[in-house]
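Undergrad: This is the feature table in Swiss-Prot:
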- D7, E8, D105: divalent metal cation binding site (BINDING)
- 1-205: domain 'RNase H type-2' (DOMAIN)
Amino acid sequence: MLVCGVDEAGRGSLVGPLVIAGVAIKRNRMRELKSMGVRDSKKLTRKARESLYPEIVNMADSYHISRVPPGVVDRSVGRHMLNDLEARYMARVITRLGHGTTYVDSCDVNPRRFGGRVSEMSGRTVRSYHRADDRFVIVSAASILAKVARDRSIERLRKSHDVGSGYPSDRRTVGFVRGYYNKNGAMPPFVRRSWRPARLIEAGG
């Protein structure tokens, strides 16, 4: 019997995509996942995540990674529907994984409501929890896939742009966005214009 986990990475990022990853693995292999050292990606070093990524992929019965472009994120933020966007993409990922109970990390203050949305959209049994990436090893595995995929997206950008970590708390990131805007009179296509730092820069702040 399969168990599925879904998580995101880059939700708060100013630069780059929102990444949704899902993985399906046989229930009787959950202990094996734990013994490999799989846990919440935020508690692992980048080197550890990169090392675990191929191991998780090789163990998985199926997995899927979806990248939501900044422009799509911006349109959802403009309609105050970022949670709905995440639910929709999670549902799409779930339908690619095969049948099995799916655990998701809730971005909604009400996990039951969020799980209900994802379940309705995917037609699958979905259990939604806060901190699911810390509570369920299958979601931890998904969080590692999402985080590595997001980091690789940023690395590709770094080859031609000094974007830093991509997060708005990073002065290097904000400095790059401001410098690019001042030079070109427009935001880079990989920046979320709906995020406060970008709006302030466009407003002359």
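Using the three backbone atoms N, Cα and C, a Cβ is placed for every residue, glycine included.
As the structure is a computational prediction, the values presented were derived from the model and not from experiment.
Context for these features, please: burial, neighbours, distances.
TA: All protein chains considered, the CB of D7 (divalent metal cation binding site) has 30 other CB atoms within 10 Å.
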Undergrad: Across the domain 'RNase H type-2' (1-205), what does the mean pLDDT come to, as a whole number?
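TA: Mean pLDDT, the domain 'RNase H type-2' (1-205): 96.
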Undergrad: Least buried of the binding-site residues E8, D105, going by other Cβ atoms within 10 Å?
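TA: Fewest other Cβ atoms within 10 Å, among the binding-site residues E8, D105, is found for E8.
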Undergrad: List, in sequence order, the residues of the same chain other than D7, E8, D105 whose Cβ lies within 8 Å of the centroid of the Cβ atoms of the recorded divalent metal cation site.
TA: V6, A9, I20, A21, M90, V104, C107, A132, D133, V139, A142, S143, A146
